[in-house]
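In TrEMBL this protein carries:
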DOMAIN    2-117  domain 'Response regulatory'
MOD_RES   D51  4-aspartylphosphate
DNA_BIND  125-224  DNA-binding region
DOMAIN    125-224  domain 'OmpR/PhoB-type'
Amino acid sequence: MLTAVLEDDADQRDLIMLWLEHGGHRVQGFATGAAFTEALKNERFQLLVIDWMLPDTTGDAMIQWVRDHVGWNVPVIVLTARDDEQTVLTALRAGADDYLVKPARAAEMLARIAAVARRYGIGGKAPLTLGAYEIDIQRVRIAVNGSSVDLTQKEFDLAVYMFQSPGQLLSRDHLLNRVWGVHADVDTRTVDTHVSRLRKKLQLDGSNGWKVIPIYGYGYRCVRLDSPE
């Protein structure tokens with residue numbers, strides 16, 4: 001699904017784009033309303049994610065422009081740091097299909113996008129199979145040898161990111177940044193706790209072809225044992 005992300009904060013934009021790419025989207029990011037509208041004149045996007053607060057315009061103005069110039073056949077999801085009723089109503093009345101309150105979470109964002117896509121009849125990505133593991137981004141589900149595993153949202157987000165980064169050295173700070181958000185106020189020991197849980201829940205000990213290897217004083221590597229590291 002070709003998706004456009006309008007977000008002026010570069011770190012947040014990169015993080016959201018990463019989540020969407022892991023969810024099977026082809027993504028283009030934009031920092032200003034001017035660049036966004038110019039792209040929409042030349043590209044046919046299937047989904048639009050629009051930040052409510054922008055340096056050169058406003059979220060409601062962008063939504064109105066989309067509805068006037070692109071039409072109502074493309075879903076729009078709004079990102080907002082404000083969760084007051086008036087902001088939400090303004091976004092929905094302007095033509096947004098759904099909204100997410102910042103800081104956004106990967107699993108929630110992908111689930112809401114999947115729901116909106118279903119309403120528009122836009123197909124999602126089939127589950128990803130990695131040996132004994134089946135990862136269903138749309139349903140926020142991971143199965144091991146056909147058995148679904150109960151995971152929290154953060155455990156799911158972390159697992160998806162590690163599976164999508166096979167063999168890479170992932171520092172604790174990097175994982176904290178990518179999974180918990182750039183400005184998340186979380187101790188790096190939280191990363192260790194979540195990785196430990198994932199290793200047990202998903203049996204990432206090598207018995208199913210994948211293994212999470214701790215790197216002392218640094219972080220972790222998630223490796224596929226039947227592939228070259």
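Note that Cβ sites are derived from N, Cα and C of the backbone, with glycine treated the same way.
Under 8 Å, Cβ to Cβ, and six or more positions away along its own chain, D51 (4-aspartylphosphate) finds L6, E7, D8, D9, G59, V78, L79, T80. Under DSSP, residues within the domain 'OmpR/PhoB-type' (125-224) fall into helix, strand and coil as 34 helix, 29 strand, 37 coil. In the predicted model, the DNA-binding region (125-224) has a mean pLDDT of 87. Reduced to three states, the DSSP call for the residue listed as '4-aspartylphosphate' is strand. DSSP labels the residues of the domain 'Response regulatory' (2-117) in these numbers: 56 helix, 26 strand, 34 coil.
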